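Enquirer: Please see the structure below; I have some questions.
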Amino acid sequence: MLQTTLLYLINPLAYIIPILLATAFLTLIERKILGYMQFRKGPNIVGPYGLLQPIADGLKLFIKEPIRPSASSRSYFLATPTVALALALLMWMPLPLPHSIINLNLGLLFILAISSLTVYTILGSGWASNSKYALMGALRAVAQTISYEVSLGLILLSMIIFAGGFTLHTFNLAQETIWLLIPGWPLAFMWYISTLAETNRAPFDLTEGESELVSGFNIEYAAGPFALFFLAEYTNILLMNTLSVILFMGTSYNPLMPQISSLSLMMKASMLTVLFLWIRASYPRFRYDQLMHLVWKNFLPLTLAIILWHMALPLATTSLPPLT
């Protein structure tokens, strides 16, 4: 009984701690890449080559006094960052890396459902802060997230038709001979751009546009609660890129050496994450109307047309006689 209880405790911790460590060092990689792209060094003082900078930042944030605005809603103000990080970590559970903690039959729908709940944490934090800048950022986030979830859901539906199942293990099996990136490259491009918008990253960072809304929905947050929001954002970035790899660049599972599958998945996800950072350094922010036009006038008709094509083609070819 004790052994089973310990196993249930250790398994999630062994899953969560590496994710949080990767998230911490992703912030360092981002600052380094942005630094080199702007012809400067980036963090290079704390530890060798600045490698201890994330630890210093974490300590600084968590030992500071959390300041709460006097007019804010205390319970909502403190609960939303915690819920944001919990939801971000919960979405990792069905991912095969190469084994998942919970093997769900509808793993993709679970991830989509949990990712849609994250918008409530942003809206709650903006409303609870009692600040017009925070509320404006939160309202932008709601409209942006709901809009891009439409395109994400339709792209996922098309990929499910491709792979033939809702489980993420099915995608690895379907891609043993060829990556789905090759026949489904228009979907892959739209998916990647939609993940940028879903994670509120540049050039779609309208929720926390520094030049417009000071800092967006988290302007009133400091110290620990701010760090939780920060961790949730970067955890979502890693999750979306890992999911992109599973959907479009699936890794074959080798039962003799499962670590090769994990290493391959990690390297591909790292490449996509670096591309996220490269895009941030290269492109200016979209205007709000351009952001909405992109999803409703471009992505939505395209994804609907591709779904119809993927559904119609197998039905049309089943009536053909055998070519013998």
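Glycine residues also receive a Cβ, built from the backbone N, Cα and C atoms like all the rest.
What Swiss-Prot records for this protein is below:
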- 9-29: transmembrane segment (TRANSMEM)
- 43-63: transmembrane segment (TRANSMEM)
- 77-97: transmembrane segment (TRANSMEM)
- 106-126: transmembrane segment (TRANSMEM)
- 146-166: transmembrane segment (TRANSMEM)
- 177-197: transmembrane segment (TRANSMEM)
- 228-248: transmembrane segment (TRANSMEM)
- 259-279: transmembrane segment (TRANSMEM)
- 299-319: transmembrane segment (TRANSMEM)
Enquirer: Give the one range among 9-29, 259-279, 299-319 whose Cβ atoms make the most pairs under 8 Å with those of the transmembrane segment (146-166).
Expert: 299-319
Enquirer: Any residues 6+ beyond the ends of the transmembrane segment (43-63) with a Cβ under 8 Å from its own?
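Expert: Contacts with the transmembrane segment (43-63): 24-25, 27-28, 31-32, 35, 223-224, 226-227, 230.
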Enquirer: Can you tell me which parts of the same chain pack against the transmembrane segment (228-248), counting only residues 6+ beyond its ends and a CB-CB cutoff under 8 A?
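Expert: Here the qualifying positions are 19-20, 22-24, 26-27, 61, 81-82, 84-85, 87-89, 91-92, 95-97, 111, 115, 118, 121, 125, 156, 159, 168, 171-172, 179-181, 184, 187-188, 191-192, 195, 198-201, 218, 221, 265, 268-269, 272-273, 276.
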Enquirer: Mind checking which residues of the chain, 6+ beyond the ends of the transmembrane segment (9-29), have their Cβ under 8 Å from one of its Cβ atoms?
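Expert: The answer is 43, 50-51, 53-55, 57-58, 89, 92-93, 101, 230-231, 234-235, 237-238, 273-274, 277.
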